[in-house]
Amino acid sequence: MSTHVMNTYGRLPFALSHGRGCRVWDTEGKAYLDGLAGIAVNTLGHAHPKLVPALQEQVATLMHVSNYYQAPLQEQLAERLCALSGLDKVFFCNSGLEANEAALKLARKFGHGKGIARPEVIVYDKAFHGRSIATLSATGNPKVQAGFEPLVEGFVRLPINDLEAVRAAVASNPNIVAIFLETIQGEGGINPTRIEVLQGLRRICDEHDLLLMLDEVQCGIGRTGKWFAHQWAGIQPDVMPLAKGLGSGLPIGAVVTGPRASEIFQPGNHGTTFGGNPLAMRAGIETLRIMEEDGLLAHAAAMGERIRAGLAAGLDGLTGVREIRGHGLMIGVELDRPCGVLLTRAADAGLLISVTADSVVRLLPPLVISAAEVDELLSILLPLMRDFLAAPAA
Ligand SMILES: *Cc1c(COP(=O)(O)O)cnc(C)c1O
């Protein structure tokens, strides 16, 4: 294959050429069922019949100007995101790490506004926030950080789902200005923050005037069956980075803020050339509109239930299955051994999935997956997992 693309990914030995719904085809004509959605990106699957004409029209109308001018499509998408989240301002960028960088800048400036010269942010074990220098420093995975030291300072790392540890850290460290976490950890192995922990974090942030910053880059945009995963806990964050599924395949990122964080950035504090361009905005507007029109939140919840029930039944009684976790169409099955080989075996069998945190089979299908496609996914995946678990542990 190409020798001129940098060697940054362990790629499977085939190239995908086109897709339709939850099906994609490689250049040899082999079909695959998409259980990954480009890592939670292709919310509406591939070549969605309502999205394609809207984006074609937008490409032929206006793709990019600059943020020198008024931006009506930014206004439109921001208004929608605020209506869905109950928050009140949005900054647009192009990716998850950019949304998280903006969140971290907000936290620091919030601290400086309170007279804290060296603000610190609570972050978590197994967290993943991106691969820029600041976001890899916030990430809780030594493999992501190795070789890129010195890390950015100003982070305090804690175990997830431990409110006592947060209380102790906040009580002893007056420099803490924010708590930054994924509502459901994605790359770390599909690890949900418990509902009562989310509620407890909200209370701590209110009592101590801290920013609750929920990275919903992977778990947001309907994937769990609500627009945003924290809505299951009935709380609101102060800062919410979004990206992946928001554009259904177009690169886009957004930071949505509540009253405590909405006025922190003033002209000159932050910016981006591509962020908020009309093409990405149109993708976001149409994705949210189509999701609502087609009832995809309830559908994601129902299809997620169907997958989890099928996994539970199909893996019942097998030794080697530690836990089936997740919410809606964000599902992880943790095994008792590294299982990266299942990615290749699934692809050979015509199914795209991922394996994360070494031993967690991760499913993130498009939200448009049908019941028949769920059953097909299970009929491919379950025998592979059973065979894998029946073989002697490596
Ligand atoms: C993917 C991801 C990111 C990084 O997003 P990029 O668009 O790859 O920069 C950040 N946070 C979470 C939770 C993610 O899943």
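Glycine is no exception: its Cβ is also placed from the backbone N, Cα and C atoms.
According to TrEMBL, the protein carries these features:
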type    : residues                                       : note
BINDING : Phe128, Asp215, Glu216, Val217, Gln218, Thr273 : pyridoxal 5'-phosphate binding site
BINDING : Arg131, Thr272                                 : N(2)-acetyl-L-ornithine binding site
MOD_RES : Lys244                                         : N6-(pyridoxal phosphate)lysine
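Features recorded in TrEMBL, as mapped to the structure shown.
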residue : record                               : contacts (Cβ under 8 Å, 6+ apart)
Phe128  : pyridoxal 5'-phosphate binding site  : Thr139, Gly140, Asn141, Val144, Glu182, Gln185, Gly186, Glu187, Gly188
Arg131  : N(2)-acetyl-L-ornithine binding site : Leu97, Thr139, Val144
Asp215  : pyridoxal 5'-phosphate binding site  : Gly96, Ala99, Asn100, Ala103, Ala127, His129, Phe180, Leu181, Glu182, Thr183, Met240, Pro241
Glu216  : pyridoxal 5'-phosphate binding site  : Glu182, Thr183, Phe228, Ala229, His230, Met240, Pro241, Leu242
Val217  : pyridoxal 5'-phosphate binding site  : Gly96, Ala99, Asn100, Glu182, Gly186, Pro241, Leu242, Ala243, Lys244, Gly253
Gln218  : pyridoxal 5'-phosphate binding site  : Ile39, Ala40, Gly96, Glu182, Ile184, Gly186, Glu187, Lys244, Met330, Leu364
Thr272  : N(2)-acetyl-L-ornithine binding site : Asn67, Phe92, Cys93, Asn94, Glu98
Thr273  : pyridoxal 5'-phosphate binding site  : Ser66, Asn67
### Query
Going through the binding-site residues Phe128, Asp215, Thr272 in sequence order, which have a CB under 6 Å from an atom of ligand 1?
Phe128, Asp215
### Task
Measure the Cβ-based neighbour count of the residue listed as 'N6-(pyridoxal phosphate)lysine', defined as the other Cβ atoms within 10 Å of its Cβ.
29
### Max pairwise CA distance, angstrom, over record-listed pyridoxal 5'-phosphate binders Phe128, Asp215, Glu216, Val217, Gln218, Thr273
25
### Task
Give the helix, strand or coil assignment DSSP yields for the residue listed as 'N6-(pyridoxal phosphate)lysine'.
helix
#### Entry: Mapped DSSP class for Asp215 (pyridoxal 5'-phosphate binding site), helix or strand or coil
strand
